[in-house]
Amino acid sequence: MPKTETYPRLLADIGGTNARFGLEVAPRQIECIEVLRCEDFESLSDAVRFYLSKCKESLKLHPIYGSFAVATPIMGDFVQMTNNHWTFSIETTRQCLTLKKLLVINDFVAQAYAISAMQENDLAQIGGIKCEINAPKAILGPGTGLGVSTLIQNSDGSLKVLPGEGGHVSFAPFDDLEILVWQYARSKFNHVSAERFLSGSGLVLIYEALSKRKGLEKVAKLSKAELTPQIISECALNGDYPICRLTLDTFCSMLGTLAADVALTLGARGGVYLCGGIIPRFIDYFKTSPFRARFETKGRMGAFLASIPVHVVLKKTPGLDGAGIALENYLLHDKI
């Protein structure tokens, strides 16, 4: 089949809260981007059909190839989302949507592929020096959950992405304050993972824990109705509530610890890349936050980490971009 006949391609980036859809009408050219709330649809197929109906006027040909990046492990045909109610069979969904091929990959596999094609203005560097070209790149990002993956560029230029579930590693507190936060979380959950703190709901959890700290019982606090990640972040940046600023500082410190742990584990001298929608919302603050200092506070490995650049991904739809690149690789090489 001529390459032009494989377009348009149906792309999706499905997280715990939102599902983003787009149509790739030519290489790296994505149109008709829509964001739908997962909770508004009973199933993935329902959401896709609704999306396609909205794009009907601009859809000259029905897509026959699709690539969906989903925020959950892919371990066969049956897929169960980690942070929302959707479950689906890949093959049944393919048939339902009358696709010739439906590729389903982990969302952070897509993020890794997207990073391979990013330009300098798509990224904001936070410290470090320069990436080593063929060294591993660590990709992680807080959102509804916490994703982690690895990108390796081989000497021949080919790419290898290693998916993982590093967001669910056990959280390791760094100091007495983080021990207090961990203890609060431990009273609520059997397993306290990094994702419990490094996510949207994690900001709320950190805030709740800090509000119980001795000496902070009587400080001005948000009402229960105001206790959302967005309001906590806004109040922290505006200086409205000191406890909100402490919450955001603690969040960034914890992220620095985890990013350093991942970088050390992988030897990620190709750089660390922070994806997801949370960090770009306060990028100016993040540049001077405790993140980088904590990232480099690893005793004998401090000098090793000091040279590793950390990049915040600023591009709006990297999940869709990566889903498209993964599908292109599959169609060309029969593998991703």
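Please read every residue number as a count from 1 along the shown chain.
The backbone N, Cα and C atoms fix where each Cβ goes, and this holds for glycine too.
Since we're looking at a predicted model, the values are computed, not measured.
Taken verbatim from Swiss-Prot:
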{"type": "BINDING", "residues": "Ala12, Asp13, Ile14, Gly15, Gly16, Thr17", "note": "ATP binding site"}
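Ala12 (ATP binding site): 25 other CB atoms within 10 A of its CB, across all protein chains. Listed in chain order, the residues near the ATP site other than Ala12, Asp13, Ile14, Gly15, Gly16, Thr17 are Asn18, Ala19, Arg20, Cys38, Ala69, Val70, Ala71, Asn84, Asp107, Thr144, Gly319, each with its Cβ within 8 Å of the site Cβ centroid. In the three-state DSSP reading, Asp13 (ATP binding site) counts as strand. Within the same chain, the residues at least 6 positions away from Asp13 (ATP binding site) whose Cβ sits under 8 Å from its Cβ are Ala19, Arg20, Phe68, Ala69, Asp107, Ala110, Thr317, Gly319, Leu320, Gly322, Ala323, listed in sequence order.
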